[in-house]
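Peer 1: According to TrEMBL, the active site, nucleophile annotation covers B:C151. Positions annotated as FMN binding site by TrEMBL: B:S46, B:K68, B:T69, B:N148, B:K186, B:G238, B:G264, B:G265, B:G286, B:T287. If you look up TrEMBL, you'll see B:K68, B:N92, B:S93, B:V94, B:G95, B:I96, B:N148, B:N213, B:S214 marked as substrate binding site. For B:29-305, the entry in TrEMBL reads domain 'Dihydroorotate dehydrogenase catalytic'.
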Amino acid sequence: MTIAPPRTPTDARSAFFDARPADSAAVDLSVRIGSLTLANPVMPASGCFGPSLGRLIPVTELGAVVTKTVFGTPRGGNAAHRLTEIRAGMVNSVGIPSRGADGYLAGQHPLYLTLGVPVIVSVGGHRSSEYAPVVRDLRGAGDAYELNVSCPNLDRHGTDIGSDPDAIEKVVRLVRQETDKPLIVKLPVLVSSIADCARAAEAAGADAVCVANSVPALPLTADTRSPVLGNVIGGLSGPNIRPIVLRLVWLASRAVQIPVIACGGIETTDDALDYFSVGARAVQVGTASFGRPYAMVEIARALQERCLAAEVADIGRLIEIWRA
Amino acid sequence: MTIAPPRTPTDARSAFFDARPADSAAVDLSVRIGSLTLANPVMPASGCFGPSLGRLIPVTELGAVVTKTVFGTPRGGNAAHRLTEIRAGMVNSVGIPSRGADGYLAGQHPLYLTLGVPVIVSVGGHRSSEYAPVVRDLRGAGDAYELNVSCPNLDRHGTDIGSDPDAIEKVVRLVRQETDKPLIVKLPVLVSSIADCARAAEAAGADAVCVANSVPALPLTADTRSPVLGNVIGGLSGPNIRPIVLRLVWLASRAVQIPVIACGGIETTDDALDYFSVGARAVQVGTASFGRPYAMVEIARALQERCLAAEVADIGRLIEIWRA
Amino acid sequence: MPGTPAETPAVLAARDALAALRRQQAFAAADEAALDGLIAVRPPARTPRPDPVWDDAPVLVHEVVGERYRRLVLRTATIATTALAGQFLMITVPPKGGERILLPRPMAIHRRHPEQGTVEVIYGVAGRGTTALADVVVGESLLVTGPLGRGFEFPDAALPTATPSAGPGPQPARTALMIGRGVGVCAIMGSVEDAADQGISATVVLSGRSRANLIGLADCAELGATVIPVTDDDGSSALPALGERLRARFAATPPDVILVCGAGVLARLAAELGSEWDVPVQVSLEAHMACGLGYCHGCAAPVATDPAVEGPLVCVDGPVFDAVLPLTAAAGGANAAG
Amino acid sequence: MPGTPAETPAVLAARDALAALRRQQAFAAADEAALDGLIAVRPPARTPRPDPVWDDAPVLVHEVVGERYRRLVLRTATIATTALAGQFLMITVPPKGGERILLPRPMAIHRRHPEQGTVEVIYGVAGRGTTALADVVVGESLLVTGPLGRGFEFPDAALPTATPSAGPGPQPARTALMIGRGVGVCAIMGSVEDAADQGISATVVLSGRSRANLIGLADCAELGATVIPVTDDDGSSALPALGERLRARFAATPPDVILVCGAGVLARLAAELGSEWDVPVQVSLEAHMACGLGYCHGCAAPVATDPAVEGPLVCVDGPVFDAVLPLTAAAGGANAAG
Ligand SMILES: Cc1cc2nc3c(=O)[nH]c(=O)nc-3n(C[C@H](O)[C@H](O)[C@H](O)COP(=O)(O)OP(=O)(O)OC[C@H]3O[C@@H](n4cnc5c(N)ncnc54)[C@H](O)[C@@H]3O)c2cc1C
Ligand SMILES: Cc1cc2nc3c(=O)[nH]c(=O)nc-3n(C[C@H](O)[C@H](O)[C@H](O)COP(=O)(O)OP(=O)(O)OC[C@H]3O[C@@H](n4cnc5c(N)ncnc54)[C@H](O)[C@@H]3O)c2cc1C
Ligand SMILES: Cc1cc2nc3c(=O)[nH]c(=O)nc-3n(C[C@H](O)[C@H](O)[C@H](O)COP(=O)(O)O)c2cc1C
Ligand SMILES: Cc1cc2nc3c(=O)[nH]c(=O)nc-3n(C[C@H](O)[C@H](O)[C@H](O)COP(=O)(O)O)c2cc1C
Ligand code: FES
Ligand code: FES
């Protein structure tokens, strides 16, 4: 039993900031999403990041940040409980409270701008026609847009817009008319063909797809078998969904030429490399940040270390080595 | 530390057989699937049972047994490895080896008939037109058919037949022309609207839906990040998929009048009651039987005990008590 | 279906479990109902909140206290030095023996010892996360994030840790009634510390199932607070009994403020007393949390708002809220078992 | 990209891990290739297989053996009395500390002690399941299912436990060469027991990384078998060295049968020797398993069949298979490190 000696009022957080590794010219972790080049392929998942995290981790070491989904008009979000943890993972039914595009521009975007990395603004809508107006109302704020088509769809009795290739096509086409900025389409898990969905996004002009959102689930209390969440249904996230999402990323990567950004249960550098090995070109970290706020930055740092150790210039070649 | 005294050559298996509880006239666990009445709502999941299990557990205490899926023509199954266990659960890519309807009738059905409970024959096909001929070729063998529409579909580039309400409708309609026996449609997880799929089955004349099959996933090895399974992709099953399937059962139960049979991660009586509480009328146990072969029988026994303890006549009223 | 035959042991055990569950359900329903319409966001604080940090905090002590709780002493100098009364930590449960806990667990900072660079946390083993937390041994480190949230503040006290002064500015509180039940005591103990620092006379109701399970007796003794211990086993914690006792005690001069944490029904009792005495009441709440920092939007407070406007968040707008006074709704909730 | 600047500890550690992985990959590839085309299903057995049961088997002993293995002694009278040589158990790993293992793990029955009603299992801690199994303590019970599978059978021996007889019927085997590596030794130990019972002269190659890690030395001594210990650290386990040694030893009279388990490359060496000597070779295989009873179809054996016909299953058609002799494919696989 060893007990660390008393510390002067410093903390692991400041030590982590200080441990920033030197950038190595020998390794190139950059990734292009349309016209935008990210310094490295690691970023947060929408809804699992906010500017307040900027006080806890060196956000400048990330490739980008992604905002919580912004809707056109204000939404209050769902009733409590909005999240819980069960053995299968974390389940949330936050319900995307939003102050609307104007509220975002006034209250949140200025904070995101202070972070010093590209800002990807996540955009939501209840119908396929609702996305383009939000992007217009954002008046050019943000370096790219992630179109969250994994929200309940008012047009088709509550199924996801993103499960219908035609609706995806429409969303992207309409948004494309509003902006030249890079567009990422974030797809849902419960689709019969992720390949068709990814192809629809690509055909309509998207610059990347993000695979995937959380998996709809219904957690019950152990005692009375009643729903834990105020909204009954929520999205399952965390490491247990990783093998499900790995398959989707594998299929999507084989279906399209545009980059696939993997999102689902990434906690470690190995998890990220799993996704790179099935074709992903970038990764988003969601649930893992709650337990270990520095997880994303740790992954970005370790990707460089792994490349240096293997004496390769980029992640693509690192993957080839594992497969050799 | 207590060590049990030496035993005479007997074993826990025989003690379990001997502990069969008296049937109580006060409790009615029976469930109707079309014209078939099962003594209780507990049965194995397809592919997770075989007549050889009859030597290990008192199969007569189950409501029914379900066969492994039978295809019309022989299939060899997938390359090794066909299954593995990861933290998220068990993943199998057995690939449904089948000796075809004739092989089933000659080799397996006679063994099922010795078990003394209703036999539900699971039927598979690669196209929506392939199911009816299998049922015809089974020449009336079996007390009901479970149509496994969660197999890769040759008509629509490998997506599940069961993710397309029109294809489901066609399968059921064609099979209905071949038989008057009860038909159960077993649905997949990766569908945008399970309600639409369940409604299509009901409308075409199905007597029940089974929700759901395993969740497609891609497990990778920890060391070289290569696919564990010979088939790359397999089906995730076990307790971690339960919250995902609970949502599907909840939605399906609200969409149709015919019974919903729940299948996904059931290990204990509490798990079964979770499903009953969201609307299921029967349950299937898959993965849990591998680790505890007697799990199904234990659940059937405990359902009666719970009803007796709560002084109610059936499971419906048991659920009302939890919700009171 | 009465008088069914099979009264086997399995059947009898299932029957007991059902009865226990029904009692528990009844209490939970009363407790939740008691908060209805009671809570409002506090006006902006004049004390700037400390910046949160995360730290790998060595576990110096991890011991069972009473029959149901565990006490952790963590070395984390920054947090120990900066935390305000009623703030909390997010404690990440380390993976162990195959158990993986994803979300950190919010825990009140029970005591701050800035000289030693340590904080104390007392917790009850409830579900998976706290069960796994109980396996942590002395010498391991816990990842903690904090100090977080809006804590308790004595009215008109510009800086909770400042010395009381009769000089210029509004009159600070001179007496305080604190009420805590179970681990809810931990949320108020920082204010008991502040009261001792600021010369405020603190009366602290410690409520629990039994004397052996009361949290904070030794802390209050050390801090010179007056303790009113009440327990379920002798009936003294019952709300009507406790209400009468407090009314009698403060009949002459009511306290300047009431701080409460640990049960909805106790919060409502405090609000009743606050209404009668016309003194402010602050209530610390719990909510399921993921980030603790205000960005995940998981911790909606039970405050009704326009459906298009998100309500307050417990982690940043609370956990301490004002009780809406005077109390208008029927005080019925407070009559449930306490 | 040679000579990059940042040779930090993290980078150096990652480099070591990569090198170790590459060595391991090379061995695994050689091992798998060695089985190609080698295996065929055995003809129907004349010995009826015992009915499998499941049992709650108390753990009487659970100890570390050598540097890498653990030995379990389980009380399970039915299985101890009925198991045949080379059969296996499915061991269900009990849930513990949050770890939930779904699938039982197949394990060879290393020793049968019918008089004591016990069996022994020796296992290596590999992944999640065996790591969790290692946490089981004496006095707990393990759910075991068995005896399972088709074991090793001495050629022409009608009943493996019958006394050898020179009377009517075909001539039973008189000498046997058994080869086991690592935990693969466990699969052959039942046959060493049978050999002792039947007066068959057994020569047992025990292969492992080092002397301290050889399984079965004491068992073979007890059962009166001749042991050839070979290890990696002194190079004696290398396939060419071992092959030469066995050819020299059996130059005069080859054994009547070869039984092998534990590595594809060893199976191929055995098949080479069997081809040279014209004696049958039986090989015990591993496969990922769920049921162990033939109904899950998870344990496909590496035997090529018509794509429309399912190949043999390791759990019911094996785990013991015949080597296809004489060996036709190039013996290259056997030259890899053994
Ligand atoms: C601001 C604040 C301060 C707290 N201070 C203390 C304290 O000092 N001592 C103490 O014992 N407890 C305290 N709690 C409650 C403590 O956080 C819960 O007991 C704990 O989260 C339960 O976790 P579990 O893993 O045991 O339960 P599980 O049932 O496994 O939890 C499942 C999920 O629900 C959440 N959850 C369940 N119950 C609660 C609850 N009562 N409050 C918040 N989240 C919950 C968990 O965080 C988890 O995400 C505090 C809660 C809050 C919000
Ligand atoms: C007939 C038979 C007899 C065996 N006898 C022994 C024995 O006596 N001693 C011993 O140490 N080992 C034996 N094994 C191997 C043992 O079953 C594996 O080491 C064990 O399953 C690995 O489990 P794990 O949880 O440690 O690995 P994990 O990596 O967690 O396993 C993941 C999954 O793959 C399967 N798996 C991984 N490796 C193997 C393997 N080598 N064989 C079969 N399944 C595997 C597991 O069963 C599990 O389903 C035997 C295997 C078979 C088929
Ligand atoms: C609390 C919470 C809030 C989320 N909010 C959003 C959101 O607003 N928009 C969105 O596209 N995804 C949202 N997600 C989904 C995540 O971005 C991510 O797709 C999902 O959690 C899977 O990744 P993970 O397993 O790494 O968490 C949210 C997830 C969580 C846990
Ligand atoms: C080894 C294995 C084989 C299976 N084979 C079939 C099959 O042939 N037909 C079918 O409809 N489902 C099959 N399934 C799926 C199960 O019937 C069940 O739907 C799934 O495993 C989810 O239930 P569980 O979590 O209880 O295992 C199989 C599952 C496993 C694990
Ligand atoms: S816990 Fe994340 S916003 Fe409050
Ligand atoms: S392990 Fe199930 S068939 Fe062999």
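From the backbone N, Cα and C atoms, a Cβ is placed for every residue, glycine too.
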Peer 1: Identify all same-chain residues not among B:K68, B:N92, B:S93, B:V94, B:G95, B:I96, B:N148, B:N213, B:S214 whose C-beta atom falls within 8 angstroms of the centroid of the substrate site's C-beta atoms; report them in sequence order.
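Peer 2: So the additional residues around the site are B:G47, B:T69, B:C151, B:G235.
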Peer 1: Starting from B:T69 (FMN binding site), work out which of the binding-site residues listed here (B:S93, B:N148, B:S214) have their Cα within 10 Å, and give them in sequence order.
Peer 2: B:N148
Peer 1: Near chain D, which of the binding-site residues B:K68, B:T69, B:S214, B:G264 can you find when the cut-off is a Cβ distance under 8 Å?
Peer 2: B:K68
Peer 1: Cα-Cα separation of B:G286 (FMN binding site) and B:G95 (substrate binding site), in Å?
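Peer 2: Distance (Cα to Cα, whole Å): 16 Å.
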Peer 1: Do you know which of the binding-site residues B:K68, B:S93, B:G95, B:N148, B:K186 end up with C-beta under 6 Å from ligand 3?
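Peer 2: Checking each Cβ against ligand 3, none of them comes under 6 Å.
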Peer 1: Spatially, and counting Cα to Cα, which of the recorded positions is closest to B:S214 (substrate binding site)? Options: B:S46, B:C151, B:K186, B:G264.
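Peer 2: That would be B:G264, nearest by Cα distance.
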Peer 1: Select, from B:S46, B:S93, B:N148, B:K186, B:G264, B:G286, each of the binding-site residues with a Cβ positioned under 6 A from at least one atom of ligand 4; if none does, say none.
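Peer 2: Result: B:S46, B:N148, B:K186, B:G264, B:G286.
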Peer 1: Starting from the Cα of B:G95 (substrate binding site), work out which of the binding-site residues (B:S46, B:K186, B:G264) are within 10 Å.
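Peer 2: Hits: none.
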Peer 1: If you measure from the Cα of B:K68 (substrate binding site), which of the recorded positions B:S46, B:C151, B:K186, B:G264 is the nearest?
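Peer 2: Nearest by Cα distance to B:K68 (substrate binding site): B:S46.
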Peer 1: Run through the Cβ atoms and count how many others sit within 10 Å of the one on B:G264 (FMN binding site).
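Peer 2: If we count other Cβ atoms within 10 Å of B:G264 (FMN binding site), we arrive at 31.
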Peer 1: Grab the FMN binding residues from the record (B:S46, B:K68, B:T69, B:N148, B:K186, B:G238, B:G264, B:G265, B:G286, B:T287) and give me their largest CA-CA distance in Å.
Peer 2: 19
Peer 1: Filter the recorded positions B:S93, B:N148, B:C151 down to those whose C-alpha lies within 10 angstroms of the C-alpha of B:S46 (FMN binding site); answer none if the list is empty.
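Peer 2: Cα filter at 10 Å returns B:N148.
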Peer 1: Take the Cβ of B:S93 (substrate binding site) and count every other Cβ within 10 Å, whichever protein chain it belongs to.
Peer 2: 28
Peer 1: Work out how many Å separate B:K186 (FMN binding site) and B:N148 (substrate binding site) at their Cα atoms, rounded off.
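Peer 2: Counting only the Cα atoms, the answer is 5 Å.
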Peer 1: Long-range same-chain neighbours of B:N148 (substrate binding site), Cβ under 8 Å, sequence gap at least 6?
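Peer 2: Within the chain, B:N148 (substrate binding site) has Cβ neighbours under 8 Å at B:S46, B:T69, B:S122, B:V123, B:G124, B:K186, B:N213.
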Peer 1: Minimum Cβ neighbour count within 10 Å among the binding-site residues B:G95, B:G286: which residue?
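Peer 2: Candidates: the binding-site residues B:G95, B:G286. Fewest Cβ atoms within 10 Å: B:G95.
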Peer 1: Which whole number is the mean pLDDT over the domain 'Dihydroorotate dehydrogenase catalytic' (B:29-305)?
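Peer 2: A mean pLDDT of 95 is what the model gives the domain 'Dihydroorotate dehydrogenase catalytic' (B:29-305).
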